[in-house]
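Participant: What follows is a structure written as structure tokens; I'll ask about it next.
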Amino acid sequence: MRRIKIFDTTLRDGEQTPGVNLNAQEKALIAKKLDRMGVDVIEAGFAAASKGDFEAIREISRVVETATVASLARALPGDIDRAWDSIREAKFPRIHTFIATSDIHMKYKLKMTEDEVYKQAVDMVRYAKGKCRDIEFSCEDASRSRREFIYRVLEGVIEAGATVVNIPDTVGYSYPDEFGTLIRDIRNNVPNIERAEISVHCHNDLGLATANAAAAIKAGAHQVECTVNGLGERAGNTALEEIVMLMRVREKELNATTNIASTHIAPTSATVSQLAGIGVQPNKAIVGGNAFAHESGIHQHGVLENATTYEIMTPESVGYSKNKMVFGKHSGKHAFTDKLREMGYDFNREKIDELFKKFKALTDVKKEIFDADIEYLAQGSIKEVEEKTKLVTFEVVRHSLNCIKADIVMESSGRKEFGSGTGDGPVNAIYQGINTLLGREYELKEYSIHGITGGADAQGEVRVRVAHGDSVGSGRGIHTDIVRASAEAYIDAINCIESIRIA
Ligand SMILES: CC(=O)SCCNC(=O)CCNC(=O)[C@H](O)C(C)(C)COP(=O)(O)OP(=O)(O)OC[C@H]1O[C@@H](n2cnc3c(N)ncnc32)[C@H](O)[C@@H]1OP(=O)(O)O
Ligand SMILES: CC(C)C(=O)C(=O)O
Ligand SMILES: [Mg+2]
């Protein structure tokens, strides 16, 4: 049985999903969960992209215990220096450098010839090798590249010290037969290929990312790059949960297995979905809300008699529990502490007491507390922004069809202050009131709301982006009262803007 390495790029390619922006604490939390799940490599980010990403990769390098930590870099000395500085504290660091090898990318984007790209790839792998033992090299857009050219580049970079060579289907253009043949051809035509591991990185533009990765495994690939929930650029990447469970369910046929503890899949999927702010579609394989749901009578009958009639894997095998612990107002601190631990939070007693109070307050307004509610409570306490200003209370009164007045009390630098505003809706009125109270014209740029869990008493999660001058801050508020969640999200964003200013 071959063991296929799982390279998770949720924190790099996954973060390239439009609208996703994770801070260092959020990234570190996801990295710890991936490490516990048993992934072989965590691609933590693109160090040259921003100071924030650099710091996040550094933090991840410190907290990850078992997995290799990779940092992506263009084939440029500056990017490689930055990548190395970001991972040098990791137990197992890897520099991942890349350059495009297809005619389209070389001509229109890089404006380089084949010879120039070859030289830059080889020189930069050699340069990176001078810093780090483990070097991965990717031929970006490999599936649309001229075969003979990829063979030449791969031979050159392996000679220069690459330990892993990655073959991406960057634009999700390939199909399984073709992609499998590409991997076989590489194995047969690159003379020194045995000195490196072959990795594949597939995108889902035609819905074939997992199928292409599976074809590559059959053709001899050693490592699959993937993301939790299939996040990633455009239509996303191969979903970790899909490729892992494919190897679990069809292990014999694929003659392949992984190191993944599959029961961690569902909780990790929930954390990523919540922190990234990207919900999972109900019919998503493995982690969608309907993946183990049976609605029609014939199916229900079959499942009641024997679940294997309609289930090819058990919900428990991916971390859903049939006998789940139900949380509500009668729940106690032992079960709550246990739940937090199971979710990967190692809080001290003081923090648990504080969260338990919030949990009890929530049970007064919500009949059943779901895992997602507890995740949000826990995530709220790992916020990196200081709460300089916070909401104390507010009241909203409708004056006429188009005019609503909001009175707000806030605590700012330890003092209670009062403000009021009007608007055509309650949220608008509150935002005007907060601006008046703080004496600043903050401007709402983006606003979105979604229900975290089902039911009439579900909590609403509001996300906003707020601007003031050149500064922009993001904020999040969660509450069963969506007007209050809106106010808290706005204040969270303001605290973010002000803390950036002070820093
Ligand atoms: C397929 C993938 O997913 S690749 C990874 C994609 N991810 C990202 O781009 C996220 C992080 N990126 C960033 O933050 C920015 O793009 C940066 C910091 C890397 C570069 O920013 P800028 O200097 O403003 O350049 P910009 O992004 O506009 O253009 C890219 C430049 O890199 C060059 N380039 C692109 N890929 C490579 C490469 N692999 N090796 C060397 N140079 C490259 C382009 O030709 C262009 O060069 P030019 O500025 O001389 O014209
Ligand atoms: C950087 C590379 C591996 C990539 O993300 C792609 O080609 O899709
Ligand atoms: Mg990609």
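In case you wondered, yes, glycine gets a Cβ from its N, Cα and C as well.
Positions annotated as Mn(2+) binding site by TrEMBL: Asp13, His201, His203, Asn237. Annotated domain 'Pyruvate carboxyltransferase' per TrEMBL: 4-266, in sequence order. Here TrEMBL flags 390-503 as region 'Regulatory domain'.
Please go over these features one by one and say how buried each is and what sits next to it.
Facilitator: Long-range Cβ contacts of Asn237 (Mn(2+) binding site) within its own chain (separation 6+, distance under 8 Å): Thr9, Asp13, Gly14, His201, Cys202, His203, Asn204, Ala209, Glu225, Cys226, Thr227, Gly230, Leu231. DSSP gives Asn237 (Mn(2+) binding site) a strand state.
The average pLDDT computed for the domain 'Pyruvate carboxyltransferase' (4-266) is 98.
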Participant: Give the residue from the binding-site residues Asp13, His201, His203 that has the most other Cβ atoms within 10 Å of its Cβ, counting over every protein chain displayed.
Facilitator: His201
Participant: Around the recorded Mn(2+) site, report the further residues of that chain (criterion: Cβ within 8 Å of the mean position of the Cβ atoms of Asp13, His201, His203, Asn237; site residues excluded), sequence-ordered.
Facilitator: Thr9, Pro168, Thr170, Cys202, Asn204, Ala209, Glu225, Cys226, Thr227, Gly232, Glu233, Gly236, Thr238
Participant: For the region 'Regulatory domain' (390-503), how many residues does DSSP put in helix, in strand and in coil?
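Facilitator: So the region 'Regulatory domain' (390-503) is made up of 34 helix, 57 strand, 23 coil.
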Participant: Ligand 2 is in the model; which of the binding-site residues Asp13, His201, Asn237 have a C-beta less than 6 angstroms from one of its atoms?
Facilitator: Asp13, His201
